[in-house]
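> One structure is given below, represented as C-alpha cells, and several questions about it will come after.
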Amino acid sequence: MEVTIRQVAPLVIVLTGATFLNTLSAQSVVILLPTISRDLNIPENRQQWIVSAYALTAGSFLLLCGKLADIYGKRLMFILGALWFGATSLGAAFSPFEICMYAMRALQGIGAAVCVPTAIGIIGHAIPPGRVKNYSFAFYCGGAPIGQVFGNLLGGIISNYVNWKVVFFVTAGASFMVSFVAIFVIPKEQPTRSIDALRTSNIDWMGAFLFTAGLLLLLISLSEGVSQGWKSSSTIAMLTISIIFLALFVFWQHHLEKMSYEPLMKVSTFKTARFSLAMLIVCIFSAGFTNFLVYSTYFYQDYQLLSPIQTTLRFIPLGIVGLGTTFGSGYLLSRVRGNYILIFGLGSASIAHLLLAVPIPPSKSYFAYGLPAMCLAAFGADTVYPFLGLFTTQSLPRKDQGVAGAMFQTVASIGRAMFLPITAAIQSSVQMKDIRNGSSERHALLEGLRAVEWFCFACMVASLGITAFGLRNIGKVGLLKKLGTVQSASEEKDSRV
C-alpha cells in the first residue's frame, strides 16, 4: 500500500536525527580539540585520539550492529542505540582525565554504529519502494552535511563563549529526545523468520570478530602510520594482522554461504558488477567529500587565520544548499536514470575540488570561488549519497536491510580512513619540498593544501569514468518495487512492456 509523505514524516525526521547527531558530534569535537586538551592536560601528539576513538568504533562495529538489528529488531536497536549515545555523551562531559575521555568517545562511537545503519534499515524495511521512499532517503542523507555545518557552528560558538562540556550536554539531550520519540513513531516489526530462535542462535560471531577486529586494526594502523611513520614496527604489525583478519573474514563468509548458513554478510552480493562499482564510488566519494571539508577548514583557519566562527560562517551555504538539494534528489530518483544523477553529482564535486586546487589568488573574495565551491560540494553530496544509499538497500532483500545500511556506512568509513593518511602524506611532502626550495612556510602550506585538492579532483574524475562506463546501463532506481534487485535501463523497459 502506498504511503504519504505526511504519514512517514515523523519517522524520517527521527531517523535523520541519527546521522545528524553522528556528524554533529564528530565535527564539533574537532573544533573543540585544543580547548578539551588544555583542560584535560592532553599533549598535542595525542589530541587526535579524542576524534579517532569515536571514528574507530563507529566504523568497526557497523556491520555487526546492522546484523544484530536485522535479528533482534531494528526498532529496539535504534532506541537502545540512541540511549547509549546519549549516556556516553554525558560520560564524555564528566570525564575527569585523558583515558576516561578516550573510553567515553569510543563507547559513544558504538552508539553511532548502532543507530546509523539501523536508521537506513528502518527506512528500507518500513517504507514501501516508491516516491515517498525516494524522498525519505534523500532527506535522511541530507542530515549528515547539515550536521557537519551545525557541528562547526556549535563548536565555534562554544569554543569562544562557553565551556566545552556544553557540546556533550547538547548531544546527550538531543539523543535522549530522539530515543523517546522513536518509541512512538517507529512501527513495531511483525514476527518473521529473521528473528526466530533458530536464526538468533546462529549469529556468526566468528565473522563478527574477524571483521570488527580486522577493520579496527586497519583503521588504527592507518591513523598510527600518519603520526608514528609507516616504517614503525607496530604500524606494520597491525596492518599485516588486519589484512589477514579481513581476508579470513571474506573466506569464512564465502564458506558459510556455500554451506547455507547465515553469514554476517553475503559476499556473493559483490559478484554483481554494478553493486561492486557502486560501493567503490561510495568509498572514493566519501573520501573526497571528507577531505574537502577537512582541507577547506585548514585553508580558512591555518592559512587565512580566520577564527572558528568566521570559518563556520563560510560553511553555512553548504548546509542550506544541501537541504534544498535533498528534496530535488528525492524528486529525481524515480524520474532520471541513476548514471545521470551520479554524473551530475560527481561532476559537481569535481569542480568544487578544482576551484580550491587552481592557483586563484587567496586574496580573492570568498564569493568568487569559496562560495561556489561550497554550493557545488553540496550538490555533489546530496545527489550522490541519496542515490547510492537507495541503490544499496534496493540491492538486498527485506530481511537484510540493517546489513545494507551497515555495508553502505562501512564502505564510506573505510574510504575516509584510507584516504586521510594519503592526503596527509601528500600535503606534508609538497609542503616540505616547497620549503626546501626556498618558499615561505605560509606559501608552502597553501601549495600543500592545493596538492590535496588536485588529488581529490583526480579521484572524482576517476569515479566519473567508472560511472560513465561501468554503470551506464543502470535504470531509475526510484521506480523499483521489489527489494533485492536492481534493474538496468533495458530491464526497466522490458518490465513496462
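Any Cβ shown, glycine's included, is placed from N, Cα and C.
Curation does not apply to TrEMBL; its annotations are automatic.
Feature list, courtesy of TrEMBL:
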- 11-475: domain 'Major facilitator superfamily (MFS) profile' (DOMAIN)
- 50-69: transmembrane segment (TRANSMEM)
- 76-94: transmembrane segment (TRANSMEM)
- 106-125: transmembrane segment (TRANSMEM)
- 137-158: transmembrane segment (TRANSMEM)
- 164-185: transmembrane segment (TRANSMEM)
- 235-252: transmembrane segment (TRANSMEM)
- 273-295: transmembrane segment (TRANSMEM)
- 315-333: transmembrane segment (TRANSMEM)
- 340-360: transmembrane segment (TRANSMEM)
- 366-391: transmembrane segment (TRANSMEM)
- 403-426: transmembrane segment (TRANSMEM)
- 451-471: transmembrane segment (TRANSMEM)
> Is the transmembrane segment (164-185) in contact with the transmembrane segment (451-471), using at least 3 Cβ pairs under 8 Å (sequence separation of 6 or more) as the test?
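Result for the transmembrane segment (451-471) with the transmembrane segment (164-185) is no.
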> Go through the chain and flag residues at least 6 beyond the ends of the transmembrane segment (164-185) whose CB is under 8 A from any CB in it; none is fine as an answer.
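Contacts of the transmembrane segment (164-185) (Cβ under 8 Å, skipping residues fewer than 6 from its ends): 10-11, 14, 17-18, 21, 24-25, 28-29, 32, 35-36, 39, 75, 78-79, 82-83, 85-87, 89-90, 92-94, 111, 154-155, 158.
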> Averaged across the domain 'Major facilitator superfamily (MFS) profile' (11-475), what pLDDT does the model get? Just tell me the whole number, please.
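Per the prediction, mean pLDDT sits at 86 for the domain 'Major facilitator superfamily (MFS) profile' (11-475).
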